[in-house]
Amino acid sequence: MDFLVLFLLYLALVLLGFVMICLASKTHYLQGLISRGAQIFSYIIPECLQRAMLRVLHYLFHTRNYTFVILHLILQGMVYTEYTWEIFGLCQQLEFSLYYLFLPYLLLIVNLVFFTLSCVTDPGTITKANELLFLQVYEFDEVMFPKNVRCPTCDLRKPARSKHCSVCNRCVHRFDHHCVWVNNCVGAWNTRYFLSYLLTLTASAATMAVVSTVFLVRLVVMSDVYLQTYVDDLGHLQVVDTVFLVQYLFLTFPRIVFLVGFVVVLSFLLGGYLCFSLYLAAINQTTNEWHKGSRAWCQRCPHTARPPAAEPQAYRNIHSHGLWSNLREIFLPATARYERKKK
Ligand SMILES: [Zn+2]
Ligand SMILES: [Zn+2]
């Protein structure tokens with residue numbers, strides 16, 4: 001019982017942490033809460049340690065580096081090693097279909113292709129040579145993207161929907177976000193690879209979760225453990241229940257149960273993020289615009305102080321032209337075709 005409670009608590013904390021991080025970037029109240037938390041920590045932790053932590057955080061999140069790419073490959077490698085080492089052989093003994101068992105490998109290969117493409121493809125770097133071309137692609141909405149604004153770092157005119165990435169130190173066309181997991185910006189030319197990467201990663205985690213769970217369920221059904229009884233700490237005879245079964249499976253196959261827990265949580269997190277990304281793709285909005293748009297919306301909210309004379313500037317998405325047109329824009333970016341022809 002203790003183990004299950006601790007395990008569920010651990011899963012709940014991981015999920016809660018993730019949701020908090022997602023919400024923190026959106027809500028002023030949570031931002032304040034986090035900065036107050038950081039202030040309290042600054043009294044407890046010695047200054048030299050704080051500086052070292054800041055340096056590490058700066059290196060990890062504000063410079064281009066391969067730490068998360070390597071971590072990604074290590075985690076993927078560990079999950080697939082465990083799958084090959086234990087689950088694959090045991091499933092074969094239980095006469096699982098081979099198509100079913102090879103599906104995670106197929107998804108891994110496709111995923112690695114899109115992962116590499118997301119990492120190495122130019123997201124749409126704006127240069128002196130292509131500046132004029134990019135300026136013609138999108139209309140300026142004069143709220144989020146005003147006309148005739150120059151990037152002070154690159155000294156280039158900023159096309160609508162572009163943003164300067166401080167990590168990569170370049171302006172990127174149709175900037176979505178900088179992703180540490182692929183160590184690259186996600187922009188006009190690689191959003192299609194990033195979405196395909198996310199889709200195949202979610203699919204491979206979900207397939208792995210289904211195969212491993214079906215394996216454990218079939219094992220329980222075949223072994224008849226659920227029909228048996230056991231004597232508890234107080235000496236009473238008890239019928240085997242779910243809690244007992246999970247504990248029994250954890251003691252018999254600790255690595256497989258841990259893997260199931262990991263891939264199930266991962267499937268939900270990735271699935272949630274995938275749905276969000278697909279929703280933004282369908283309405284032709286970038287993560288950057290979604291983030292800025294929510295702030296524009298917040299400025300009209302009565303809790304936020306703003307000059308009384310200021311007109312509320314409502315953000316309106318002017319780039320959506322229907323679902324298929326929006327998806328075509330991501331999967332067949334016009335400027336990428338133009339650049340290829342030029343070469
Ligand atoms: Zn710039
Ligand atoms: Zn970047």
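The first residue you see is number 1, and the count goes up from there.
Even glycines carry a Cβ here, placed using N, Cα and C.
TrEMBL lists 66-85 (among others) with the feature transmembrane segment.
Sequence annotations record features per position, and here TrEMBL assigns transmembrane segment to 97-117 (among others).
The annotation domain 'Palmitoyltransferase DHHC' is assigned in TrEMBL to 150-292. Mean per-residue pLDDT, taken over the domain 'Palmitoyltransferase DHHC' (150-292), amounts to 91.
Within its own chain, the transmembrane segment (197-221) is flanked in space by residues 79, 83, 87, 90-91, 94, 96, 100-101, 103-104, 107-108, 110-111, 114-115, 117-118, 182, 245, 249, 253, 256-257, 259-260, 263-264, 266-267, 270-271, 273-274, 277, which lie at least six positions past its ends and keep a Cβ under 8 Å from the stretch. The transmembrane segment feature in TrEMBL is assigned to 197-221 (among others).
Sequence-remote contacts of a segment are chain residues at least 6 beyond its ends whose Cβ falls under 8 Å from one of its Cβ atoms, and for the transmembrane segment (256-282) they are 7, 11, 14-15, 18, 79, 82-83, 86-87, 191, 195, 198-199, 201-202, 205-206, 208-209, 212-213, 215-216, 246, 249-250, 290, 323, 326-327, 330. Annotation comment: TrEMBL describes 256-282 (among others) as transmembrane segment.
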Which residue counts does DSSP yield for the domain 'Palmitoyltransferase DHHC' (150-292) in the helix, strand and coil classes, in that order?
82 helix, 22 strand, 39 coil
